[in-house]
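Asks: The structure follows.
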Amino acid sequence: MKTYFISDLHLAPSRQDITDCFLTFMKNEALEADALYVLGDLFEFWIGDDDTSEFANSIRQTFIDLVNTGVPCYFTQGNRDFLVGKKFAKQTGVQLLDEVSTIDIYGQKAVVLHGDTLCTEDIKYLAFREKVHQPWLQWVFNRIPFFIKKKIVSKVQSDIKDDKQTKSLDIMDVTQQEVENVMKQHNVDLMIHGHTHRPNIHSFSANNCTKTRIVLGDWYTQGSVLVFTPQSFELQNREFSNRF
C-alpha cells in the first residue's frame, strides 16, 4: 500500500529529461499506487486547456492511461498551471482539488496545497496572484486565440524570471505563522505542500501538539517523490536515468 505525492516538475518540451523521468514513473511505480497526488506546477506553464500540442497531449495520455488502470489521480493547481481546468480534468480523469484540501491518508488527516499562499512575506507575488485568479480575467484569457496567449505568457514568464532574481530567498519561503494558521483552521497535524523547492520534513510544536510539515522537492536535476505508506513516509529521489 503506497500513496505518491509529487509537485514542481515544471514539465516543458525543452526539458525532455524531466518528461522522460515523469513518464517512466507514471508507467511503472504509479501503477502500484493507491493514489497519486500532484500538488501543483506539473507544467512549467499551462496556457490553457485548449493546448493541443503533441507535448500537452502526451501528458494528458499518461494520466488517462493511469486512471484507466484504477489509480485515482488528484491535482492541485500551482502558480504556473493555475489554468488547468475542468476540461483537462474531464479529458484525463484526474480530480481537481480545492486550493487547500483536507484528505485522509491511511487514517491520518492531512492538509495538502501547492504552497505559494504560505509565502505571506512575498507581497508582490501575492498581489499578482490575486489579480490573475480573478474569475472574470481567466474567463477573458481563456477566450483569446491560443497563439496570442502564448505571446502573453512568454512576456509574463520573462517578467517573473527578472523579479525572482531581485528577491530575497527568505521571502520566497513559507512563514511559520501562516503554516500554523492553516493547520489550525483545518484541525490537522500534518501538512504536505510544494512550491518552495526546499524538500524537507519539518517537525514543530503548536497548540501543545507535535506537527509535521512535508515539503515536496522539485524535478530540476532529479525526480522527487513522497512515498506514503500506512506505516511511514519518505522523500525519495529519482535519477533522470529512468531507472527506478
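Cβ from N, Cα, C; glycine included.
Got these off Swiss-Prot a minute ago, pasting:
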{"type": "BINDING", "residues": "ASP8, HIS10, ASP41, HIS197", "note": "Mn(2+) 1 binding site"}
{"type": "BINDING", "residues": "ASP41, ASN79, HIS114, HIS195", "note": "Mn(2+) 2 binding site"}
{"type": "BINDING", "residues": "ASN79, ARG80, ASP122, LYS164, LYS167, HIS195", "note": "substrate binding site"}
Asks: Could you tell me the C-alpha distance between ASP8 (Mn(2+) 1 binding site) and HIS195 (Mn(2+) 2 binding site) in angstrom, no decimals?
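Replies: That separation, Cα to Cα, works out to 6 Å.
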Asks: Please give me the CB contact count at 10 A for HIS10 (Mn(2+) 1 binding site), counting all chains in the structure.
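Replies: The answer is 19 other Cβ atoms.
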Asks: Go through ASP8, HIS114, HIS195, HIS197, the listed binding-site residues, and name the one with the sparsest Cβ surroundings, counting other Cβ atoms within 10 Å.
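Replies: Among the binding-site residues ASP8, HIS114, HIS195, HIS197, the sparsest Cβ neighbourhood within 10 Å belongs to HIS197.
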Asks: Between ASP122 (substrate binding site) and ASP41 (Mn(2+) 1 binding site), how many Å separate their Cα atoms?
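Replies: On Cα coordinates alone, these residues lie 18 Å apart.
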Asks: Long-range neighbours only, meaning 6 or more apart in sequence with Cβ under 8 Å: which ones does ARG80 (substrate binding site) have?
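Replies: Expected: HIS10, GLY40, ASP41, PHE43, GLU44, PHE45, TRP46.
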Asks: So how many other Cβ atoms are close to ASP41 (Mn(2+) 1 binding site), meaning within 10 Å of its Cβ?
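Replies: There are 30 of them.
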Asks: Any same-chain residues 6+ apart from ASN79 (Mn(2+) 2 binding site) with CB under 8 Å of its CB? Would you list them in sequence order, or say none?
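Replies: The answer is GLY40, ASP41, HIS114, ASP116, TYR125, ARG129, HIS195.
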Asks: Take the Cβ of ASP122 (substrate binding site) and count every other Cβ within 10 Å, whichever protein chain it belongs to.
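Replies: Counting Cβ neighbours of ASP122 (substrate binding site) within 10 Å gives 21.
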Asks: Compute the mean position of the Cβ atoms of ASP8, HIS10, ASP41, HIS197, which form the recorded Mn(2+) 1 site, and then list in sequence order the other residues of that chain whose Cβ is within 8 Å of it.
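Replies: For the Mn(2+) 1 site, the extra neighbours are SER7, LEU9, GLY40, GLY78, ARG80, GLY194, HIS195, ASP218, TRP219, TYR220.
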Asks: Using the Cβ center of ASP41, ASN79, HIS114, HIS195 as the Mn(2+) 2 site position, which other residues in that chain lie within 8 Å, going by their Cβ?
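Replies: Everything else in range on the chain: SER7, ASP8, LEU39, GLY40, GLY78, ARG80, GLY115, ASP116, GLY194.
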